[in-house]
Amino acid sequence: MKRIALFLITNLAVMAVLGITASLLGFNRYYAATGLDLGALLGFAMVMGFGGAFISLLMSKPMAKWSTGAVVINDSPEPMHRWLVDTVARFSKRAGIEMPEVALYEGEPNAFATGAFKNSALVAVSTGLLQSMSRDEVEAVIGHEVAHVANGDMVTMTLIQGVMNTFVVFLSRAIGYFIDRVVLKNDREGPGIGYMVTTVVLDLLLGLVAAMIVAWFSRQREFRADAGAAQLMGSRVPMQRALARLGGIDPGELPQSVATMGINGRPSGIMALFSSHPPIEDRIRALQQSA
């Protein structure tokens, strides 16, 4: 269930490239030198914010395959592969979406769904998941991922990320201009040191606030996908068992390079604010309390 983390990492990379390109083309100097047209700045911020988010969305499926080494198994004759494909097909039909690509990758117990459109998505399962869970538990995890696709969560998170990106780009530059021109009284043509330092600092600080907001929305989508899996299965019990089993897996077993993307991490303290997934205990409790 790595799709949000993969999306956010790609989005940050795209935003960084767009930001560097804008600086090289002189956009920052233009806004600081022309009295800062707020309407023009807002338009620029929206292009930067939503551009980065939607480019990340379009790149999400190939990036996920590349980063995990996932192999598509839709046409594989292997019995286990056929069972996985048939399970995804059955749940997709119930959810009213087109059949996604189904992939398998080597790794710790995990799964993810991604793709720019719900009718051309990818559902991937790790070998570790197949080895550590019973079939009904694996089905519950697959149902969870199909529910993400059916709910349009990738597009929803893209829109939220785009709004947050726009917020960060606009406010950091508007405040940077105010500090540079009004507080430090820079009257030279082009941005001064106050603008540049303030913009960089606020990009970081506001980016942290934006990340917490995006993570909060992501956690709500996880609860909804859990409920969707229970509905597709016709029972809450398999999803509860799958979550309980994941909760017993030591997060330290995951490689450091992908530890932040695992479903079974247990962030605590302030780091919980940046987690894309709620605590396992909360997810089980929500399923138990659902009608």
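Using N, Cα and C of the backbone, Cβ positions are placed for all residues, glycine too.
According to Swiss-Prot, the features are:
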{"type": "TRANSMEM", "residues": "4-24", "note": "transmembrane segment"}
{"type": "TRANSMEM", "residues": "38-58", "note": "transmembrane segment"}
{"type": "BINDING", "residues": "His144, His148, Glu222", "note": "Zn(2+) binding site"}
{"type": "ACT_SITE", "residues": "Glu145", "note": "active site"}
{"type": "TRANSMEM", "residues": "159-179", "note": "transmembrane segment"}
{"type": "TRANSMEM", "residues": "197-217", "note": "transmembrane segment"}
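Non-local neighbours of the transmembrane segment (197-217) in the same chain are 8, 19, 28, 156-157, 160-161, 164-165, 167-169, 171-173, 175-176, 179-180, 273-276; each lies 6+ residues outside the stretch with a CB under 8 Å from one of its CB atoms. Least crowded of the recorded positions (Glu145, Glu222), judged by neighbouring Cβ atoms within 10 Å of its own Cβ: Glu222.
When Cβ atoms from all protein chains are considered, those within 10 Å of His148 (Zn(2+) binding site) total 28, not counting its own. Neighbours of His144 (Zn(2+) binding site), defined as other CB atoms within 10 A of its CB across all chains, total 29.
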